[in-house]
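What follows is a short report on a single structure.
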Amino acid sequence: TMSQQPTDGPLDPEKQELSIAVTAAENFEQEVEEVGKVPPPDGGYGWVIVVASFLVNMCVDGVIYTFPATLIPHWTKMFGAETSASNTVSLLTGFYYLSGPLASSLVAVLGVRSVCLAGGILTASAFVACSTLHEAWQYYILFGFVGGIGFGCMYLPSIVVLSAYFEKKRSFATGIAVCGSGIGTMVFSRLNIIVMGLLNDNASHFLIYMAGIVLFGAICSLFFRKLKPSEQQVTKVAKMVREYEGKPDEPSQRLLEDVRADLEELNRPGHQPDAFYVNTLDKKIAEAAHAEHVIHASENHTVKHVTKKNKFAQFKDEMCSVIDKDLLYSPSFLTFAFSGTLAVMSFLVPFVYISDLMPSEIYTVDDRSLPLLCIGAFNIAFRIICGFISDHPKMSALQVSNVVIILAGISIAAMPFSSALWQYILLCVPFSAGVACFAALRSVICVELVGVKKLGNAFGILMVFMGFGAVSGPAIAGQIKAAAGNLNLAFYIMGAVFSFSAIMTLRLAQMKAWEEARKAKKGRGTEMRVMANH
């Protein structure tokens, strides 16, 4: 028998050769991606994308956050119970979040424009169909389930598309786009009252007006366009492949087509692991977190291209990739995810019920729409402030978010004690700050917690957890109102829940450190056992 090469000695020539070949293959993959990546223009047509994304956000969130105040009183009469009306609202907001992983997988397979457009058509169709129906269960299915999924398919592409067009100015571009949410809340909280008056309080006709807003958002998505590699990039990469394979002849048409498919996959919105991250990434982190290579080079100088799968197989793979066992077994990540469930469950309640909380015998319809308008305006201001906070190296996004959300929870609980319009508006300031921090800093905290590489998967899981909160929040508040006879108790409970969602993550950094230490200890133990066995 041959004597074994000692493991700690020098590599034999064969192994050395293999090591050099592996390094060469990795370097080749890296070079191909550097040549084939379309650099984000950080401007130009990107600003058209920003405006389109802003308008999609305005239509989606504008409708979601303002329609309950207008429609719940009408639905209560039609269904004969307020709980049925609040359940319809809960289902729409719930499936808006729950559809996150579905929308993400569809974007990967069909592209941002197709998914956003289809989502808009789906929701608008559901709203139009509801205008002819009168049963609560029909509204649950069409308005809640179908409408919610359609909204989710509009929102997610409008955020993902920005990551392809912006890198240095991504915080700024995303900041402008998500301000559509606040502007939408401001505009529609007033416009809905005017339109409902013009329609003589006809809720069925109001649904057709809502469908029109959604369709306008869908039409805006036609401006979304994916970045395509130039012919020069395709030819250059094809020549690099030929060179690596040691074939001096010119690239064939087949090879050019294969390379074009590779580079389209490389430049697909959402292919980047940081597609959901609004902040400009540190260059080193971005490189370390790079998504899997699309062109695979082997050490024996052959090149494997992107395998063409049918759309269904591709969709199935994307859906499965969301389920990340490492994240689902991480106590710190699950704590963060569950805090999201509680936050969404509680902060939706003022959006849905604040106008109902204000006594109708004291305040006019216009007065009662004013807090929502103010929430929209304050939300914009606080989102911009959050952008500066998340870019500041010495600020902890988690602790800023926690403090602001605790104060926001107290403001929700204090709302029933208001006895004048200015008091309601004043309490909307900390509340809006809490909602803005939750929305704007969540992806920043997520990167600190799980790293950029897992951000796409983490975001999908977080959206599902938030979806459970959205499904239950307004419905629970509706049940409490039915049992107590007024909304005061619902606001006290939801205020406490919102504050608790932040309190439970105060020690998240320490929990994460404990988890890492435990993992490292486990790794060392495994290493020792392996060495002992040898």
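Just so it is clear, glycine is given a Cβ too, placed from its N, Cα and C backbone atoms.
Since this is a predicted model, take the numbers as computed values, not measurements.
Per TrEMBL, domain 'Major facilitator superfamily (MFS) profile' is recorded for 45-513.
Look at TrEMBL and you will find 45-67 (among others) tagged as transmembrane segment.
For 140-165 (among others), the entry in TrEMBL reads transmembrane segment.
According to TrEMBL, the transmembrane segment annotation covers 172-194 (among others).
Sequence-distant neighbours of the transmembrane segment (206-224) (same chain, 6+ residues past either end, Cβ-Cβ under 8 Å): 48-49, 51-53, 55-56, 58-60, 62-63, 67, 70-71, 74, 112-113, 116-117, 119-121, 123-125, 127-128, 130-131, 150-151, 154, 157-158, 161, 188, 192, 195-196, 199. The transmembrane segment feature in TrEMBL is assigned to 206-224 (among others).
Per TrEMBL, the feature transmembrane segment maps to 333-354 (among others).
Residues annotated as transmembrane segment in TrEMBL: 369-389 (among others).
For the transmembrane segment (396-415), same-chain residues at least 6 beyond its ends with a Cβ under 8 Å from one of its own Cβ atoms are 343, 346-347, 349-350, 354, 357, 389-390, 424, 427-431, 433-435, 437-438, 441-442, 444-445, 448, 491-492, 494-503, 505-506, 508-509. As annotated by TrEMBL, transmembrane segment applies to 396-415 (among others).
Listed by sequence, the residues of this chain that lie at least six past the ends of the transmembrane segment (421-445) yet keep a Cβ under 8 A from its Cβ atoms are 175, 178, 181, 276-279, 336, 340, 343, 347, 350, 354, 358, 363, 367, 370-371, 374-375, 378-379, 382-383, 385-387, 389-390, 397-398, 400-401, 404-405, 407-412, 414-415, 455, 459, 462, 498. Annotated transmembrane segment per TrEMBL: 421-445 (among others), in sequence order.
The transmembrane segment feature in TrEMBL is assigned to 457-477 (among others).
The annotation transmembrane segment is assigned in TrEMBL to 489-509 (among others). Sequence-distant contacts of the transmembrane segment (489-509) (same chain, at least 6 residues past either end, Cβ-Cβ under 8 Å): 332, 335-336, 338-340, 342-343, 345-347, 349-350, 353, 357, 396, 398-399, 401-403, 405-406, 408-416, 434, 449, 473, 476-477, 480-481.
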